[in-house]
Ligand SMILES: Nc1ncnc2c1ncn2[C@@H]1O[C@H](COP(=O)(O)OP(=O)(O)OP(=O)(O)O)[C@@H](O)[C@H]1O
């Protein structure tokens, strides 16, 4: 059976639970597992997949809980209105906090989440109308079409339905154009921006989505407990939510349930047993959790879900997700393509470009040009400034001076996304791929700007036609680059040379006019180099221009129309490969030392 179907089948079993002759305590535990799993799921998306660590999620649970508690408990409004109101309050707060917080990177981001988590906690405990630290009570139970949902069994059904809905939305979202962009966030800014992904926008999106899920959990919690106070929304709980996501498997959607179940079950058992063992009351379970997390981080950093999934995969290997359509889907021909420039027309004009890093001039008044169909090699010794030149052309770095024009338009100072949109595709010297994802998904990321469906359409599975077209396009580029047999292989398990080819296929998905290849032949075997040279010749014949940095001189001399040689940031020579090869200055500075 398909792994995804099996997962849903197992999930459906949770709905049988309340009908079994179990003690009511089990239903209570089941309710809390469901509530926590909803928050942990948001953290899987935000922290595990998007790479943004948050300790402050409990505060958004509090926003959802307090909003509905105040509206329904104090103002007497319908509890069902408390849900959209809570989502609105949490969503707006998350958009506001997120727009400031997600700009931070490294350890500053988790520190900031601790800061606003604490602030909101103290706010709940200080505000008079929220009952200060005593909180609010008298929250009415939920009722649906006259059906009273106050019984724990009824709330269980609602909580797990909500969890199922969130899982469905998140899984759909992740299997889409937006999902690929979200997965790319964890690799830093450079690669996703070069693929046309607006990283700031997607970071705020997952921040808001995680807050909305936390808020939903808060709404359910308030109507289950019928009273709220600040304590369950403090930093302690924020850390526990993160533990749950880590224990389940931080990047694993289904791991959220596993983590919440293990932590909740363990906590209730430890709270029972440890005081008996030590003969006194206290929060001993937190000490055990602390030790457990350290051991987990030492020995099973990926959490429990991958371990379970691995065991299952040994029994039945999972079918790859997503799959490329077998034939061109309807409307595929309509995927926008650029109009091609006339052969030989001027594409790229670099005029006295420079880049200074403090006192170091890494690129010093470099000038050269590329025409449609040109294959030009940018060569030079280590540290000559070639990668910096690439970064200026692709918008990763802003130039300190000079002018760069592409198709007649000034592009110096434009961001990587805009430059990519104009038709410059690139690969990286140090491969930037999503190692755990299939080659198909990695390559499809390059087609990000050729799709338009937003995250809502993706979460609701309404963009399947566009998605099929993007995947078909990616599959075509993979076949074109000779990697068809690796279409569904995780990119990280390919040889380094093949990973470089995956990057080229990804760049081709954006339908570029100019391709910047940074050391594409490094790590390739002879046959693979010949295949790559064949591909570049084919691209040239199609009118694409290629600028490549490469240290393999046989490869470069065979393939290029012209060479530009850099040394200490400046242009040392430019001309036909056979002329440059014999240039005395080039021989002295570079080629003399190359085998
Ligand atoms: N972000 C940066 N900050 C400071 N200095 C930098 C930065 N990036 C590059 N440099 C410096 O600029 C110079 C040119 O580096 P660059 O990586 O462009 O050379 P390269 O020709 O690509 O070398 P290689 O062939 O080894 O990749 C080097 O002295 C390098 O240390």
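Using N, Cα and C of the backbone, Cβ positions are placed for all residues, glycine too.
Annotation source TrEMBL lists transmembrane segment at 7-27 (among others).
Annotated transmembrane segment per TrEMBL: 33-52 (among others), in sequence order.
Look at TrEMBL and you will find 59-77 (among others) tagged as transmembrane segment.
Taken from TrEMBL, the feature transmembrane segment applies to 83-101 (among others). Taking Cβ pairs closer than 8 Å, the transmembrane segment (83-101) reaches residues 60, 63-65, 67-68, 71, 109, 112-113, 116, 203-204, 207-208, 210-212, 214-216, 218-219 in its own chain, all 6 or more past its ends.
Remote same-chain partners of the transmembrane segment (108-124), defined as residues 6 or more beyond its termini with a Cβ less than 8 Å from a stretch Cβ, comprise 52-59, 62-63, 66, 97, 100-102, 130, 135, 230, 233-235, 238. Feature annotation from TrEMBL assigns transmembrane segment to 108-124 (among others).
The annotation transmembrane segment is assigned in TrEMBL to 154-174 (among others).
If you look up TrEMBL, you'll see 204-222 (among others) marked as transmembrane segment. Same-chain residues lying 6 or more positions outside the transmembrane segment (204-222) and placing a CB less than 8 Å from one of its CB atoms are 34-36, 38-39, 41-43, 45-46, 49-50, 52, 54, 57-58, 60-69, 82-83, 86-87, 89-91, 93-95, 97-99, 101-102, 139, 155, 158-159, 162, 166, 170, 173, 178, 182, 185, 228, 232-233, 455.
Residues annotated as transmembrane segment in TrEMBL: 242-266 (among others).
What TrEMBL records for 286-308 (among others) is transmembrane segment.
The annotation domain 'ABC transporter' is assigned in TrEMBL to 348-593.
Between the transmembrane segment (7-27) and the transmembrane segment (59-77), the number of CB pairs under 8 angstroms, six or more residues apart, is fewer than three, so the stretches are not in contact. For the transmembrane segment (242-266), the residues of the chain that approach it from at least six positions outside its boundaries are 7, 11, 29, 32-34, 36-37, 39-41, 43-44, 47-49, 53-55, 57, 163, 167, 170-171, 174, 285, 289, 293, 296-297, 302-309, 436, judged by C-beta separation under 8 angstroms. Cβ atoms under 8 Å from those of the transmembrane segment (59-77) belong to residues 39, 83, 85-87, 89-90, 93-94, 116-117, 119-121, 124, 129-130, 135-140, 210-211, 214-219, 221-223, 227-228, 230, 232-233, 237-238 of the same chain, restricted to positions at least 6 beyond its ends. For the domain 'ABC transporter' (348-593), the model's average pLDDT works out to 93. Sequence-distant contacts of the transmembrane segment (33-52), counting only residues of its own chain at least 6 positions beyond either end whose CB sits under 8 Å from a CB of the stretch, comprise 58, 61, 102, 109, 156, 159-160, 162-163, 166-167, 170, 174, 182-183, 185-187, 202-203, 206-207, 209-214, 216-217, 220-221, 224, 241-242, 244-245, 248-253, 255-257, 259-261, 263-265.
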